[in-house]
Amino acid sequence: MTSQHDVDDLPVDEDPGLPPSTDYAGFFDRTLRWLLPLTGVVGLVAAFTLTVEKIALIADPDYVPTCSISPVLSCGSIMSTEQAELFGFPNPLIGLVAFAVLITSGVVLATGARLPRWYWLGLQVGATLGLVFVAWLVEESLYDIGALCPYCMVVWAVVIPAFWYVTLANLTSGRLGRRVADSRAVGVLAENHAVVLMGLYLVVVVLVLQRFWGYWVSLV
């Protein structure tokens, strides 16, 4: 005969309605161990290359950057604009610092060290500002300047996942609040993290294709 005490000791199935975000907290932190160094290195190389090209263009106004391939794919057209120096100095200099921070953060995480909450929040602010800056650059490139910089697009491509997975790591870990981490919305985002990332990329690709459709068709 089973007593009430025995019933209480029986394993209870997890409520399928509970948000799974907390299950992903460790997963996203571990993902950043390799994602931050990867995006950081790729972004740093692109930023360094852009810096070298900018210096060469300053030294010789007739210099044609290596990434100036056509009227549409033209770094030179972008480097000579005021948008290329939003804060009074070449934008790639920001990338040299920002991507170095990503690399360092990822390496520290890879050692198993635990970063303090204030550092994660600072990383979140930096990643968010980076995404906003990239969104502005995309808009300016497509609808104001009317040209694309291949090296700049590499930067776009790495900033997006860096922002997304830093955000997910903070949301699911409770660093932005336990109530946020336990919310159903965060659970859904965590479960569909790859789908959302692909969606972000798709938006940029569609905008680029639509804006320069005549050029892309001419290449066929």
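Using N, Cα and C of the backbone, Cβ positions are placed for all residues, glycine too.
As recorded in TrEMBL:
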- 29-170: domain 'Vitamin K epoxide reductase' (DOMAIN)
- 34-51: transmembrane segment (TRANSMEM)
- 93-111: transmembrane segment (TRANSMEM)
- 118-138: transmembrane segment (TRANSMEM)
- 153-173: transmembrane segment (TRANSMEM)
- 194-213: transmembrane segment (TRANSMEM)
Range from 34-51, 153-173, 194-213 with the greatest count of C-beta pairs under 8 A to the transmembrane segment (93-111): 34-51
Residues in the domain 'Vitamin K epoxide reductase' (29-170) grouped by DSSP into helix, strand and remaining coil: 109 helix, 2 strand, 31 coil
Long-range Cβ neighbours of the transmembrane segment (194-213) (under 8 Å; 6 or more residues past either end): 72, 138, 142-143, 148, 156-157, 160-161, 164
Mean of pLDDT values spanning the domain 'Vitamin K epoxide reductase' (29-170): 96
